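Enquirer: In case it's useful when we look at the structure, here is the feature table from TrEMBL:
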| type | residues | note |
| --- | --- | --- |
| DOMAIN | 5-80 | domain 'TECR-like N-terminal' |
| TRANSMEM | 85-107 | transmembrane segment |
| DOMAIN | 155-308 | domain '3-oxo-5-alpha-steroid 4-dehydrogenase C-terminal' |
| TRANSMEM | 166-184 | transmembrane segment |
| TRANSMEM | 196-215 | transmembrane segment |
| TRANSMEM | 235-250 | transmembrane segment |
| TRANSMEM | 256-276 | transmembrane segment |
Amino acid sequence: FVSYQVEILDWETKKQLCFLDKVEPNATIKEIRLMFHKLYPRWYPARQSIKLDPKGKSLRDEEILQYLPVGTTATLYFKDLGPQIGWTTVFLIEYTGPLFIYFLFYFRMTLVYGLDERLTSSPHPVVNLACICHSFHYIKRLIETVFVHRFSRGTMPLRKIVKNCLYYWGFAAWLAYYINHPLYTPPSYGKKQINFAVIMFLLCEAGNFSIHVALSDLRRNGSKTRKIPYPTKNPFTWLFFFVSCPNYTYEVGTWISFTIMTQCVPVGLFTLLCFIQMTIWAKDKHCTYLREFKDYPSHRMPIIPFLL
């Protein structure tokens with residue numbers, strides 16, 4: 001077979017970092033990353049972005065050298081992504097925080113609301129229910145992180161975890177402070193409003209979990225190949241008929257129901273921000289599906305059926 005020569009340059013300075021001789025044609029980008037790592041131990045594979053063009057996208061691990069648009073002497077570009085952290089660890093940190101932070105306010109810690117005995121318990125049952133629902137949501141997320149999710153990308157930049165934790169932990173504290181505050185007032189329409197919200201909350205949580213399982217099943221054998229998700233026999237997955245990212249649709253529905261349940265302004269603002277962020281993610285994923293699959297269902301919308 002014809003062996004390849006691979007030259008790896010710095011993406012900014014164009015300085016040659018290494019020259020790999022006699023590389024097999026069927027070598028994958030993952031194998032090239034490992035070769036590069038042997039020469040530069042501080043740049044472990046997860047830190048490496050290997051590109052065909054300095055301003056282009058990173059090549060995927062499974063891409064094969066001989067199928068890339070290069071000659072037998074291939075020029076690739078390296079970019080240091082910085083320290084990385086595994087996605088499982090990221091989610092465990094992000095979701096454990098809100099779970100315990102909420103309890104600080106729910107149990108009326110003296111450092112939050114003071115020493116007054118009147119502030120040690122709430123007269124409103126909805127406060128207890130809100131704590132149960134909030135805890136259930138994040139416990140579900142933790143369980144999914146460990147047993148359900150399969151990540152196409154193994155890591156994310158370590159610097160981003162600070163921003164993510166500030167978002168999740170900060171909002172959890174803000175919501176919990178007002179929901180558990182001694183002056184908190186229950187929903188205007190009483191039990192009817194609360195019962196409706198609880199039913200909606202549980203349905204959306206079940207739907208979100210069902211979608212995550214369906215997406216995980218697409219990669220059951222450890223494959224990282226992207227596939228078109230389709231509805232299964234589970235009725236909660238039938239939302240795939242109408243949207244590309246029903247997991248985000250159900251997630252937004254969960255927070256809308258929590259807003260209705262608590263009738264709390266900070267919860268409503270958090271829900272709005274969630275909707276904006278998830279709409280951005282859904283649109284990006286929807287565009288990726290359209291770009292990668294010529295037969296992708298044309299009637300699907302990113303997050304809201306028939307609208308958005």
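Glycine is treated like the rest: Cβ placed from N, Cα and C.
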Enquirer: What counts of helix, strand and coil residues does DSSP assign across the domain 'TECR-like N-terminal' (5-80)?
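Expert: The composition, in the requested order, is 17 helix, 29 strand, 30 coil.
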Enquirer: Between the transmembrane segment (166-184) and the stretches 196-215, 235-250, 256-276, work out which stretch tops the count of Cβ pairs under 8 Å.
Expert: 256-276
Enquirer: Are there residues at least 6 beyond the ends of the transmembrane segment (196-215) whose Cβ is under 8 Å from a Cβ of it, and what are they?
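Expert: Residues packing against the transmembrane segment (196-215) from afar: 129, 133, 136-137, 140, 144, 148-150, 187, 229, 232, 234, 236-237, 239-240, 246-247, 249-251, 253-254, 256-258, 260-261.
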